[in-house]
Every structure is written in C-alpha cells, then in structure tokens.
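Copied from Swiss-Prot, the annotated features are:
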- 8-90: domain 'KRAB' (DOMAIN)
- 263-285: zinc finger (ZN_FING)
- 291-313: zinc finger (ZN_FING)
- 319-341: zinc finger (ZN_FING)
- 347-369: zinc finger (ZN_FING)
- 375-397: zinc finger (ZN_FING)
- 403-425: zinc finger (ZN_FING)
- 431-453: zinc finger (ZN_FING)
- 459-481: zinc finger (ZN_FING)
- 487-509: zinc finger (ZN_FING)
- 515-537: zinc finger (ZN_FING)
Amino acid sequence: MALSQGLFTFKDVAIEFSQEEWECLDPAQRALYRDVMLENYRNLLSLDEDNIPPEDDISVGFTSKGLSPKENNKEELYHLVILERKESHGINNFDLKEVWENMPKFDSLWDYDVKNYKGMPLTCNKNLTHRKDQQHNKSSIHFSLKQSVSIRDSAHQYFIHDKPFIRNLLKLKNNIRYAGNKYVKCFENKIGLSLQAQLAELQRFQTGEKMYECNPVEKSINSSSVSPLPPCVKNICNKYRKILKYPLLHTQYGRTHIREKSYKCNDCGKAFSKSSNLTNHQRIHSGQRPYKCNECGKAFNQCSNLTRHQRVHTGEKPYQCNICGKVCSQNSNLASHQRMHTGEKPYKCNECGKAFIQRSHLWGHERIHTGEKPYKCNECDKAFAERSSLTQHKRIHTGEKPYICNECGKAFKQCSHLTRHQNIHPGEKPHKCNVCGRAFIQSSSLVEHQRIHTGEKPYKCNKCDKAFIKRSHLWGHQRTHTGEKPYKCTECGKAFTERSNLTQHKKIHTGEKPYKCTECGKAFTQFANLTRHQKIHIEKKHCKHNIHGNALFQSSNLGDHQKSYNREKHIKYNETKIKYSSCT
C-alpha cells in the first residue's frame with residue numbers, strides 16, 4: 001500500500017481508543033499503548049515540527065482513557081514510560097548523549113530484554129524515506145508515517161523483538177545535530193555497530209524488503225500493515241561455529257575475520273585490528289606497566305596478566321583436570337596439561353618436524369634453527385634463546401635460591417635441581433623404571449633415567465657431534481669449545497665450566513662432607529665418592545673367590561688375595577720369558 005509523502009501533524013500519528021476499547025486492554029497492552037504514543041511524540045519532537053502539542057496533552061489523553069490520577073502527572077508519566085523503556089529496551093533516553101553515558105549498562109539490559117521479552121500483538125505500517133546519503137538537516141528529512149496499534153484478537157501478529165533499540169536509531173540519528181559527532185563515534189565504537197548500517201537495515205524492514213521471514217502465530221488480516229520484523233533464529237559463524245543471537249550481528253561479526261589491521265605500531269611496524277591491542281603492544285616498547293599488584297608491588301603491562309599473577313598470592317586454582325584432578329591457576333595451563341593425557345602435540349616445527357605440547361616450547365625450539373637469542377643478561381651481556389634460561393642465569397649473579405627442599409631445608413636455584421635432590425630422601429616415588437626398578441618422584445626424571453638403558457642421546461653437539469643424555473650435559477660440554485667458565489669461586493677466584501664442579505670445589509673451603517655412609521658413618525664431599533665406597537658394603541660378605549679354590553669371607557681379604565695372585569702371575573710370566581730367551 002503506497003503512502004503519501006509529506007509533512008504531518010501529531011494527529012496523524014495519534015492512536016485513539018474508545019472508553020470501551022480501553023477497558024478491554026490488559027496492563028501490558030496499556031503499557032504498550034503509552035510506549036508507542038510517547039515514541040511517536042518524541043519522533044516528531046526531534047524533527048522540530050510546529051504542530052506538536054505539549055506533553056501535558058498526551059497526559060490528558062491518558063486520563064481520558066481511565067488512567068489513575070498518579071499517571072496523570074506529567075513528571076510521573078514521563079518517568080513511568082521512560083524508565084519502563086529503559087528497563088525493557090536498554091535505552092535511558094532518546095537523547096544520544098544520555099544513551100552514550102549509560103552505555104555500561106547497555107549490554108546487560110539488552111540480554112535481559114531478549115530473554116524476558118514476550119510476544120506482543122502489533123500491527124504497524126511505517127514507511128521511511130530518509131536515505132543515508134542525505135544531509136542531516138531538517139529540510140531533507142521527510143517521513144510518511146502512520147502508525148496504528150490494534151490489540152484485537154482477530155487481527156494481530158506475534159513477533160520476537162530481536163533488536164529492542166532498532167526503532168530508536170532513527171531518533172538517535174536525528175539528534176546528531178544536538179549531540180555532536182563525537183558522541184556518535186563513541187556510540188558506534190562502544191556497541192561495535194554502525195548507525196548508518198543499522199538505519200539502512202531498518203529502512204529495509206519498514207519498506208517491506210523481506211530480509212527475514214516472518215514467523216506468525218496467527219496471521220494478520222491486514223497483512224500489508226505488518227512490518228517484516230526479524231524472527232529469533234540462530235546465526236552461526238561459519239569459521240568458528242559461534243552462535244550469534246542477533247541476525248544483524250552475524251554480518252558484523254563476520255567482518256572480524258577479514259578486518260583490516262589498520263592500527264600500526266610506529267616502532268616495529270606490527271599491525272592490529274583493534275586500537276586496544278595496539279595500546280597493549282606499545283607498552284612493550286615503552287616499558288610502561290600501569291597494573292600493579294597490591295601485595296608485592298610487581299607491575300604488569302596488561303590487566304589480565306595482573307589477574308593471573310594475583311592467584312599466586314591467593315592460591316586460587318579454579319581450573320581442574322577431569323582426568324587426574326590436578327588444579328591449575330590458568331585455563332591455558334590446564335589445556336597444556338590435558339595434552340599430556342591425550343598425547344596431542346599440535347605445535348610442529350617446520351624445519352625438523354618436531355612437535356610440542358605448548359606454543360612457547362615451539363618458539364624456543366625454533367631459535368635453535370635460527371640462532372636467535374633475544375634474552376640478554378644486563379650483568380654479563382650473555383644472551384639466551386629462552387626467557388626461562390635467562391631467569392635461571394640471573395640467579396648466578398643474585399645468589400637467589402627459591403626452590404627449597406621440605407625434608408632438609410636445602411635450597412636450589414632451579415626446580416630441576418630440587419627434583420633431583422628429592423630423590424635422595426625416602427618417600428613416595430610413583431614413577432618406577434621397568435628395567436632396574438629405580439623409582440623417581442617425577443616422570444621427567446624417569447624419562448632421563450631410561451635413556452641410560454636405551455642408549456638414547458638426543459642432545460648433540462654442533463661442533464664435534466658428541467651426544468648426551470641430558471641437555472645440561474650438552475651445555476657443559478659446549479663450554480669446552482668456547483672456553484667459557486661462568487661459575488667462579490668467591491673464595492679463591494677459581495672458575496669452572498659447570499656448576500656442579502664449583503659446588504664440589506666449595507666444599508674444600510667449607511670442609512663440608514654431606515654424603516654419609518649409612519653402614520659405617522664415613523662421610524664424603526662428593527656423591528660419586530660415596531657411591532664408590534658403598535660398593536665395599538654391597539659386596540656379599542660370604543662371597544667366594546675361586547681363583548685357587550680359596551674361600552674368602554671378607555672383602556679386605558679378597559683384595560689382598562687378588563694382589564698376591566696378580567704378583568704370582570707376573571713372576572711366572574717373567575720366568576717363562578727368561579727360559580724362552582735362553583733357548584734361542
């Protein structure tokens with residue numbers, strides 16, 4: 001049905017009910033009537049039309065319909081309708097500035113509205129001739145608008161009110177000249193949608209273009225007077241299978257996959273699709289860390305990093321593995337942990353094909369191929385491929401030993417050293433070697449130990465091709481090529497290539513002998529010396545040596561006997577040699 005185009009008065013959009021009709025309306029229908037009336041009034045008010053009655057006249061009209069005296073008061077009526085609209089539609093007022101200032105409440109109210117909005121009987125005929133390419137001035141904005149609300153059972157259409165604020169975007173757009181472009185931009189950025197795009201879609205709704213199919217419960221008699229509003233359908237993002245509640249957001253969300261990275265870092269040239277991501281990135285260059293922990297004073301460049309750090313103080317570990325029950329403080333840690341159960345290694349090296357559980361492990365591995373060492377020590381200028389290696393190295397300068405044994409109180413600079421030490425103490429060791437029966441506290445220690453039996457040596461020197469069971473052994477060996485001796489004794493100044501050699505050397509100055517034999521009480525400075533000593537006790541006390549049929553019951557007698565036997569053998573050899581030379 002074509003509608004005439006031109007200016008109109010408030011009477012053109014006024015909705016009239018007889019007293020009998022009004023009394024038949026339930027409270028929800030009366031509320032809808034008040035809502036539509038006031039909306040029409042403010043539509044006209046935003047256009048600065050001259051033939052608009054004062055708002056008091058609208059209140060009087062409500063009184064004639066039998067409303068309570070309280071509702072007849074202009075201020076009460078205003079707050080009743082506006083607050084009702086705010087609670088149900090997420091719009092604080094039709095003024096764009098006020099909408100922007102109340103935007104923090106917008107999302108939650110929007111979700112609440114969609115969840116609780118019921119189907120409302122409505123027939124509406126509304127035509128929009130305003131085009132987005134027109135200038136925003138009074139002379140270029142014309143409407144041919146006629147609205148009617150029919151609450152009759154014989155002619156109504158139920159619809160799902162999928163975008164509560166879409167009808168108000170027209171008023172927001174008209175208020176640009178009052179609010180200024182600044183608020184428009186803020187509004188668009190805040191909700192992630194374009195007002196122009198919304199108005200274009202609204203116009204297609206109002207002109208009858210069928211973007212969405214109607215889902216009528218009871219078809220209206222006057223079908224031409226029903227605007228095709230969007231049904232409540234699920235929109236699914238094809239890339240990540242994400243379900244979007246709002247049809248309009250499906251198109252908008254899809255743009256995030258192909259969005260231009262228009263925010264570029266001036267320092268390194270890296271580009272981002274969001275300005276907030278660029279801001280966070282620039283703090284890497286500036287060193288700015290605005291988020292500070294109240295407990296220890298440690299600062300971070302991102303709020304999310306501070307949140308994760310605070311769990312160290314609170315001990316909170318909200319993420320639990322459903323297989324072994326282990327709890328983690330971060331969701332990413334739980335995801336990495338669960339790959340230990342599944343065996344999944346999704347991060348693969350393009351150079352050698354080696355796969356890793358965590359992306360950070362892959363990054364560290366790739367630097368072996370590139371030779372990149374971005375982490376540099378401020379004290380000695382030594383560089384490392386991984387940040388964890390730099391952290392461990394710095395403890396050489398600071399003397400920090402954060403890993404403490406709960407059994408004996410001994411402290412260590414590295415967690416791996418503590419783990420190796422804990423194997424000395426008796427206790428539960430769930431990881432047992434199937435070959436020799438030796439047990440370990442951690443599975444990683446068992447894996448390293450099993451290489452002794454299998455002969456596997458995965459860590460190979462690039463200089464001489466010598467291979468090692470442990471990475472630490474390779475590092476120590478590589479220093480023989482470079483001549484580096486980073487571990488220096490503070491007492492005498494002697495330097496060593498390996499930390500273990502320095503530790504053993506220090507016992508000369510301190511006189512410490514921590515390794516004690518449980519059989520005889522003899523103490524040693526080195527664990528290897530204790531092991532060599534214990535072989536004396538391990539030998540069977542009643543072993544028999546069958547060299548000459550002599551039975552020897554003590555290891556000391558066995559040693560003396562072996563020496564005498566070797567001496568006799570040497571004498572016989574010399575005698576034979578003399579006889580042979582005399583014959584010739």
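Backbone N, Cα and C define each Cβ position, glycine as well.
Note that the structure is a prediction, hence the values are computed from the model and not measured.
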Relative to the zinc finger (487-509), which of 263-285, 347-369, 459-481 accounts for the most Cβ pairs at distances under 8 Å?
459-481
Surrounding residues of the zinc finger (319-341) on its own chain - C-beta under 8 Å, 6+ positions past either end:
308, 311-312, 357-358
So which residues does the zinc finger (291-313) touch in its own chain, when a touch means Cβ under 8 Å and the partner is 6 or more beyond its ends?
280, 283-284, 329-330
Find the average pLDDT over the zinc finger (263-285) in the predicted model and report it.
85
